[in-house]
Amino acid sequence: MQVLEFFYGMVSASEVAYYAYIYSVVSPEHYQKVSGYCRSITLVAYTVASVLAQLLVSLASLSYFHLNVISLASVCVALLFSLFLPMPEKSMFFHVQPGKGAPPKPPGKDAFSKEPQKDRKPVCKGLVTFSGNLGDDDPLNDPKPGNVTLRVFVQWFQDLKGCYSSKHLFYWSLWWAFSTAGFNQVLNYVQILWDYKAPSQSSAIYNGAVEALATFGGALAAFTAGCVKVNWNLLGELALAIFSAADAGSLLLMHYTTNIWVCYAGFLIFKSSYMLLITIAAFQIAVNLSVERYALIFGISTFVALVIQTVMTIAVVDNQGLGLPVSIQFLIYGSYFSVIAGIFLMRSVYIIYSAKCRQGRCNSTTDQNPHDPEDSISDTNTVTQF
C-alpha cells in the first residue's frame, strides 16, 4: 500500500504538468474553453467509472481484483493516447541552449507567449529565462553542479517574485491554495461524516451514488465556467467570494443537520461550487503567465495547498493536535471557507468601487474636454483593462 500511495502521488502530481502542457499548445484566447473542457471531461469520466464500478460490484458481484484489472487496462490505453499528443513548439523550461557563436537573445524573449491575448499581457513576460540567455560565458555552462543548482533556484525565486508582483495573479493563486486544501480535507473525511450521520450497520447507504452525482454536477459546473462570458477582471473575485460562501454554508449545513439526505445535498453544492471556481481560477492564472511559468505557478500553488492541508490535519484531526470528532471538524471547515469568502468579498468590493471611481473620473474628464477624444479613449481603456 505504501508503494501504491507513492506512485499514486506521482501520478496526481502529473495533473499540474498536464494543465501546463495544455495551456502551452493553445492560444490564450482559448484558455477559458480549454479549462472547462479538460476539467469537465475528467469529472465525467470519474462519474462513469464510479457508476460502472458500483454496478459491477452490486449487480455482477465482481471482485476488487477485477476492478483493478479494468483500471490497469484503462491506464494502458491512456498511455497509448498520450504518445500521440502534439508536442509543444518550444521547450517550456531550461532545455534549449543556443549554439556557440550565436548572438545573444534579448532578455525575456522566450518568455513571451506566441499569441498573446488581446488587451492582456502576461505579468511575467519580461523576466529573464535560461532558454533565451545561455551564452558561452554564462555560469550555467560551468561544469560545477553547485553553480547550476544555485542558478536554477535563483531563477525560480526571480520568476516567483516577478509573477506574484501582480496582485490579480497573487490573489487568485492564494484562493487556489487555500480552497484546494479545504476541498481535499473535506473529500478525505466526508465518508466518515456520512457514516456518523447514518451508520452503515443500520441505514441504507448511497454514498457511491452521491459521489458520482456530485462529480457529474462538478463537471457541468466546470463546463459552464468554460463557456460563460464575464469580465473576470472586475467580477472574478466577487464570484470567488459568493461561491466560497456557498461552500461555507454547505459545510455548516452538513455539520448541523441530522438528516443524511440534507448532508448529501450539502456535499453536492460544495463540490459543484468548488469545481466551478477551480476551473475559473485555472484559466485566470494561466492567462497572466508566459508559457514557461505555467507548471511553476501551478506547482507552487498545489504545494502550498498540500502544506496547508497537512497543517490542518495535524491540528484538527490528529490525536497529537485537537483530535476533534468528525462533526466538529466540518464546523471548522465551514468556518475556514467563511474566512476565505469574507476576504475575497472585501477585496471584490474594493475592486468594484475603484473601477466605479475611475469610470467617474473618466466621465468627468470627457465632459471637461469634449474635443479631446484621444484622452477619453485612453482613460476608457484604462478602466476596461482594470
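Glycine too: its Cβ is placed from the backbone N, Cα and C atoms.
Note: TrEMBL annotation is automatic and uncurated.
According to TrEMBL, the protein has these features:
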- 107-120: compositional bias 'Basic and acidic residues' (COMPBIAS)
- 99-120: region 'Disordered' (REGION)
- 363-386: region 'Disordered' (REGION)
- 6-26: transmembrane segment (TRANSMEM)
- 38-57: transmembrane segment (TRANSMEM)
- 63-85: transmembrane segment (TRANSMEM)
- 169-192: transmembrane segment (TRANSMEM)
- 204-226: transmembrane segment (TRANSMEM)
- 238-258: transmembrane segment (TRANSMEM)
- 264-287: transmembrane segment (TRANSMEM)
- 294-316: transmembrane segment (TRANSMEM)
- 328-353: transmembrane segment (TRANSMEM)
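Count of Cβ pairs under 8 Å against the transmembrane segment (238-258): among 63-85, 169-192, 294-316, the largest is for 169-192. In this chain, the transmembrane segment (169-192) touches the transmembrane segment (294-316); three or more CB pairs sit within less than 8 A of each other, excluding pairs fewer than 6 residues apart. Sequence-distant contacts of the transmembrane segment (38-57) (same chain, six or more residues past either end, CB-CB distance under 8 Å): 18-19, 22, 64, 66-67, 74, 208-209, 211-213, 215-216, 218-220, 222-223, 226, 275, 278-279, 282.
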